[in-house]
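The block underneath contains the structure these notes are about, expressed in structure tokens.
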Amino acid sequence: MATILSAGVDEAGRGPLVGSVFAAAVILPEHFDLPGLTDSKKLSEKKRDMLAQMIKEQAVAWSIAFADPDEILRLNILHATMAAMKRAVEGLSVAPDKVWIDGNRVPKDLNVPAEAVVKGDSKIIEISAASVLAKTARDAEMYELAKRYPQYGFDRHKGYGTAQHLAALKQYGVLPEHRRDFAPVKTLLAQGNLFEE
């Protein structure tokens, strides 16, 4: 009997005020075991980076996709996340027979049977692996932004609405990479508070 190929899908970066939302899809080999592979939010950054490399090397297939701030503005964060998840599944070099998606929603028009699993990143290893890849891709984007705009501290708060980020937004203004429909970014935009080079 043929092995059923299952893909796990998860996202990273729905809540931050800046940058893209990322989604990853991963198909793992049968009997895959990687010690320490749990929900990426519970892992140290160093451990997550190490696991991401091992997942990429050992997976049957993996894919990372994203929706940028313009797409988030156009669709809203939920629909942009679903679009990124769909692209991640479509980007797999091997077609899965089944897709497990972290959360309580499944993207529309997936051409493969899919099921949403609440807290799936701690229940299904393929989702755990996807969680790690999505989070490391999202963090990489934040480090790139931190190089371009060091005064915002993206390497520390990863774009979330921390006191430091909000203070930087007020002091330096809204960047093109900020999510323009997210409060408090929207409020600052209404006041004309834009970043000036």
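One is the number of the first residue shown, and numbering goes on along the chain from there.
Glycine is treated like the rest: Cβ placed from N, Cα and C.
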Matching residue for the divalent metal cation site, where TrEMBL names Asp10, Glu11 - out of Asp97, Asp102, Asp109: Asp102
Listed in sequence order, residues with CB under 8 A of Asp102 (divalent metal cation binding site) and six or more positions away: Gly8, Val9, Asp10, Glu11, Ala116, Val117, Lys119, Gly120, Asp121, Ile127, Ala130, Ser131
